[in-house]
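The block underneath contains the structure these notes are about, expressed in structure tokens.
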Amino acid sequence: MELQEAPNSLKNVRHIILILSGKGGVGKSSVTTQTALSLVNQGFNVGVLDIDLTGPSLPRMFGVESKQVHQSTLGWVPVSVYNDPASPRGNLSLMSLGFLLGNRNNSVVWRGPKKTAMIRQFLKDVVWGTDDIPLDYLLIDTPPGTSDEHIAIAEELRWAQPDGAMIVTTPQQVSTADVRKEINFCKKVGFNVLGIVENMSGFICPHCSECTDIFSSGGGKLLSEQLDIEFLGNVPIDPTFVEMVETQNNDVNEKKLVSLYDKSELKPIMAEIVAKVVNKNLPSRLQ
Amino acid sequence: MAPSIVSERPRESLMSSQLQAPEPEHCPGPESEQAGKGDACDGCPNQSICSTQLPKGPDPDMPIINQRLSQIDHKILVLSGKGGVGKSTFTSMLSWALAADEDMEVGAMDLDICGPSLPRMLGAEGESIHQSNSGWSPVYVADNLGLMSISFMLPDPDSAVIWRGAKKNGLIKQFLKDVHWGEHLDYLVVDTPPGTSDEHLSVTTYMKETGIDGALIVTTPQEVALLDVRKEIDFCRKAGIKILGLVENMSGFVCPNCKGESQIFKPTTGGGEQLCKDLGIPFLGSVPLDPRIGKSCDAGESFFDSYADSPAATAILDVVDALRDQVELSVEGLKLN
């Protein structure tokens, strides 16, 4: 029989937020990364779960590709990305299938049932937070589309009262068309839509500071008006963020992504977006 | 009556709906010869259903699929492990470029079931497909360019297609089995969703017997994308698909104001060209970012018609030429053997 309760691994998690988009390559992982960093900067303890099984990018985004997942008596321990008790920041940990692959170039050619089983295992066996230090936010990064992974995560979270989903889009119509589908998916499975983030909205030329709309602009805002969903903000294209991701070194304190991000021009923009979500004051899952 | 996924469900989906419970992790698949007999089947609530579905011969639909596909000269898959690198954009460009030759019959097939974008890019949104004696007729966006996509079968463009893998396989099979591309097709360009999963496995399995000319891999220059693209190349090698070449999209952007060039997606590990060198696959070229490409795609117009002189159009046409060389070379190679 199916138990009508949340998976055990989530018992010390206060808030769950999914990052969704119907379209690929709009920056779900990038927005997930930056949301996590912004929350950590505000002193929250954050966990990130990557359920993109065939293309996990988060281990690289956080610079922890070579790390391993360890097993404890309670279950799988996510990889710690940032944990500095001396700093006012919170801690950050990550779980991804990328850690379980032998070689980073290996492909994971899995049909649906196996992907479903893997996601179920992630939710069953991973230890997020402890009784003493609960996790404030669990961010779940998803692959594009509305298929096996999404159905599986919706089933697993059915009794877990997630806060809802942040929808990421790029401004062009080709992208918002797919995102509409994803919003319909959220309605069908009962995920609350927290808002829309328009990513890659404009590019500021480093030579002349002229802003060019490479992928046009305003598509996300228009979509949120049409569907009556809160618009969380525009994130411009910033090549320095990609550079930051590529040059970080998680073993050296000054070169950790969390420290590098302090200098990013995207930091205040993302902080504002994240504040909009946090200020919704959604009830904590823990009493 | 026009086929629609609401009124007519693929046969395979009916079959899997007979299963009482979700398939177990290592399910050999209800259609496979091992159904009901594999190790994973022990204890599965569906075991008795699967094991009684005998006899198991070759798939009876395969001869029909093979017959349909034998009328197509060249079949090209457009692949990328990563989403949003421009698979659909490139598929549409390739289709326009091939169809510019009036003597050429071209078909484009969109296998991205959860996020079909080709209809919009080719300017065929809101159309529907028609059924005739010979099968489903694709939507013609030009006299010699047909398009097939799930989006033509949706009741409303916004409806989400929330399907598990088995159901997607059913539809892909129908696309290959039931779509009538006409008497003869010179090129069939197949656009795929990101990843290495059900859609990719199905299309390669079904097309294997008649042969696929090869795959065109699309990537963007940054390492986060290359990481996923390496996985896709690994998949092609496992599945025995020839890689025709790799194209690097969105490489460099020229500011329309000051003409200064910037690398939006920095190739910190050498980009697509280095990847090709490392893995020994042909590098077909790189296409710069051009905001007008996105605009043409949103409007469903041919980028070549509107901006024939732009550097991006020249770059794309060079890639298409290089790709055609690869395809025709490989065909000649086969004849020699």
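Positions of Cβ are set from backbone N, Cα and C atoms, glycine also.
Any TrEMBL annotation is an automated prediction that lacks curation.
Neighbour list (A:GLY24 (ATP binding site), Cβ cut-off 8 Å, at least 6 residues apart, same chain): A:PRO143, A:PRO144, A:GLY145. Per TrEMBL, ATP binding site is recorded for A:GLY22, A:LYS23, A:GLY24, A:GLY25, A:VAL26, A:GLY27, A:LYS28, A:SER29.
For A:CYS205 ([4Fe-4S] cluster binding site), the same-chain residues that are 6 or more apart in sequence and have a Cβ closer than 8 Å to its Cβ are A:CYS211, A:THR212. For A:CYS205, A:CYS208, the entry in TrEMBL reads [4Fe-4S] cluster binding site.
Take the binding-site residues A:VAL26, A:CYS208: by the count of other Cβ atoms within 10 Å of each Cβ, the lowest one is A:CYS208. For A:GLY25 (ATP binding site), the same-chain residues lying six or more positions away in sequence with a CB closer than 8 A to its CB are A:PRO144. Checking each of the binding-site residues A:GLY22, A:VAL26, A:LYS28, A:SER29 against A:CYS208 ([4Fe-4S] cluster binding site) by C-alpha distance, the shortest gap belongs to A:VAL26. A C-beta separation below 8 Å, combined with a sequence spacing of at least six in one chain, links A:GLY22 (ATP binding site) to A:PRO144, A:GLY145, A:THR146, A:ASP178, A:VAL179, A:ARG180, A:LYS181, A:GLU182, A:PHE185. In sequence order, A:VAL168, A:THR170, A:ASN199, A:MET200, A:VAL235 are the residues near A:GLY27 (ATP binding site), counting only same-chain partners six or more apart with C-beta under 8 A. Annotation for A:SER29 (ATP binding site): same-chain Cβ neighbours under 8 Å, separated by at least 6 residues, are A:ASP50, A:ASP52, A:SER57, A:LEU58, A:MET61, A:ASP141.
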